[in-house]
């Protein structure tokens, strides 16, 4: 399990050929930015950054005379960031061009000096301590203004939120809200402190925004003064403006003008981001309601029957519920190899149970699985109509589907299909109108396979084609729901379409088996590999080569040499090579149409 600090970082892209668990080897004394100890150190610094962001404006406005406790805490925090500067000189960095970690000390130092080194040093110098060392103006405004450079550390928080927003383990909505709230609180805190600083530095305390409301405000408790400043800041930011606290002099007026101009941009930023988050959350629901309303109006305008309207609304509701799965969009965005692996993992166990594919090769199974698409259907949904043109084959994964046949104007339920059964295959393979209708009984998940895709796969795999056609023939012979005319027509169309027509009928199973065996033997003969053999002799410089011979490839190399000796009886054959003069020692590597060369040495 990864530690909590791991979510703050993005690991480097591994080079091609690297193993998933390959460790990163760096030079001695060089720190990896992805080391767990360094990540813990960075997480600790983030806590100190939050403290610095709050204390810097507060010290500038309210703490004219720093106590030794506050000064000690500030110096300790500065020392931690000074240590981080030293560590950065030994910290490897990720090259944005090669995406490799650079561990060359010279390059690390050069990069740091040319980037954030000067800013990090200026934000780490203990200016208050320097004032105390010089014994003059130790708590002067100049030193306190220089201490505001510590706000440069906020860039670490900005990088943190940028990483958190990309972390899929965290809720993006709440990360964005946290960021917006943090920006708002920091702006309110800084503006309140700055406005109090202006009033505190004004010569006439009575003519200040806080002095007009609270006479002798400097004698008040620190908490009262801070809350009053924050109250003014938040009412101005939200444009509430009760009027009880307002600018009394030109300095405060100028600051109020600048603050309100800043508020215009900040408010636009906050409202724009929040609106975007809210719209993203409600847009899907609004589109669903609009679709339901449009479908209802369509049904009412065209006076559709109630059951058709219910089917429309059920389909829309199911699509809305399953939209979050986004199966097709997710799979389409992946490479073909990953899609094939996912499809095999999800659908291959289901395909193996289908009677139509019993006995087919694993290669054919893979081809079928990768072309299937998963779909959801609501209850009482019509999947296939009777006598419609065959378009798709469906396999039931979950749910229930009933098979209906209309006889003499009356629709009857013939069978209820369960998980792992296929339907629509008779019309598709036999190229006839669908003999039955299929309706879902409850919410069902189906695998859909296009007609053209299925036929192409069957045609490309001759051995599997015979197995599939044989399985379908046996299924139809065992099924007594179809008439003899329908069965004979289906079998005839099936074999005519795939070029394997036989005269079997559903009424004579013995003749069908004998005919199928004869056809299988004939097909095997047609599928023998044909090769062209040549004679190549090295005994003479310019031999008269005999004509090449086209033969059927036998089952072994010994038989092949025997045939070649008969064809080239005047030569002594010693070796068999391919056109690239690579020796062949296995009959299985020879393909249909290859040119083989027998050598005489």
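Along the chain as shown, the residues are counted starting at 1.
Using the three backbone atoms N, Cα and C, a Cβ is placed for every residue, glycine included.
Same-chain residues at least 6 positions away in sequence with a Cβ under 8 Å from that of residue 356 (nucleoside 3',5'-cyclic phosphate binding site) are, in sequence order, 422, 425, 468, 471, 472, 475. According to DSSP, residue 356 (nucleoside 3',5'-cyclic phosphate binding site) sits within a helical segment. Sequence annotations record features per position, and here Swiss-Prot assigns nucleoside 3',5'-cyclic phosphate binding site to 356-475.
Swiss-Prot lists 530-601 with the feature domain 'KHA'. Averaged across the domain 'KHA' (530-601), pLDDT in this predicted model comes to 79.
Annotation source Swiss-Prot lists intramembrane segment at 228-247. Long-range contacts of the intramembrane segment (228-247) within the same chain: residues 61, 184, 187-189, 191-193, 195-196, 209-210, 213-214, 217, 253, 255-256, 259-260, 263, 266-267, each at least 6 residues beyond the stretch ends and with a Cβ under 8 Å from a Cβ of the stretch.
Positions annotated as topological domain 'Cytoplasmic' by Swiss-Prot, on the basis of sequence analysis: 1-42 (among others).
Below 8 angstroms of C-beta separation, residues 55, 128-129, 132, 139 of the same chain, each at least six residues beyond the ends of the topological domain 'Extracellular' (64-71), sit close to that stretch. According to Swiss-Prot, the topological domain 'Extracellular' annotation covers 64-71 (among others).
For 93-112 (among others), the entry in Swiss-Prot reads topological domain 'Cytoplasmic'.
Annotation comment: Swiss-Prot describes 134-144 (among others) as topological domain 'Extracellular'.
The topological domain 'Cytoplasmic' annotation in Swiss-Prot covers 166-179 (among others).
Remote same-chain partners of the topological domain 'Extracellular' (201-227), defined as residues 6 or more beyond its termini with a Cβ less than 8 Å from a stretch Cβ, comprise 58, 62, 141, 192, 195, 244-249, 251-252. Per Swiss-Prot, topological domain 'Extracellular' is recorded for 201-227 (among others), and the stated evidence type is sequence analysis.
Swiss-Prot lists 248-251 (among others) with the feature topological domain 'Extracellular'. Within the chain carrying the topological domain 'Extracellular' (248-251), a Cβ under 8 angstroms from the stretch's Cβ atoms is held by residues 198, 202, 204, 207-209, 211-212, all 6 or more beyond its ends.
Taken from Swiss-Prot, the feature topological domain 'Cytoplasmic' covers 273-601 (among others), and the record attributes it to sequence analysis.
Proximity of distant same-chain residues to the transmembrane segment (43-63), defined by a Cβ-Cβ separation under 8 Å and at least 6 residues beyond the stretch ends, is recorded for 4-5, 8, 70, 74, 77, 80-81, 84, 144-145, 147-148, 150-151, 153-154, 156-157, 160, 186, 189-190, 193-194, 196-197, 200, 222, 225-226, 229. Annotation comment: Swiss-Prot describes 43-63 (among others) as transmembrane segment, evidence class sequence analysis.
Among residues of the same chain six or more beyond the transmembrane segment (72-92), those with a C-beta under 8 A of the stretch's C-beta atoms are 26, 29-33, 38, 41, 44-45, 48, 51-52, 55, 59, 66, 101-103, 105, 108-109, 112, 117, 120-121, 123-126, 128-129, 147, 150, 153. Per Swiss-Prot, the feature transmembrane segment maps to 72-92 (among others).
When Cβ-Cβ distances below 8 Å are used as the criterion, the transmembrane segment (113-133) is approached by residues 66, 71, 74-75, 78, 81-82, 84-85, 88, 139-140, 143-144, 146-147, 149-153 of the same chain, each at least six residues removed from its ends. Residues annotated as transmembrane segment in Swiss-Prot, with sequence analysis given as evidence: 113-133 (among others).
The feature transmembrane segment is assigned by Swiss-Prot to 145-165 (among others), with sequence analysis given as support.
As annotated by Swiss-Prot, transmembrane segment applies to 180-200 (among others), with the evidence given as sequence analysis.
The most crowded of the binding-site residues listed here (401, 416, 446) is 446, judged by how many other CB atoms sit within 10 Å of its own CB. The number of other CB atoms found within 10 A of the CB of residue 386 (nucleoside 3',5'-cyclic phosphate binding site), across every protein chain shown, is 17. Counting only same-chain residues six or more apart in sequence, the Cβ atoms lying under 8 angstroms from the Cβ of residue 371 (nucleoside 3',5'-cyclic phosphate binding site) belong to 449, 450, 453, 457.
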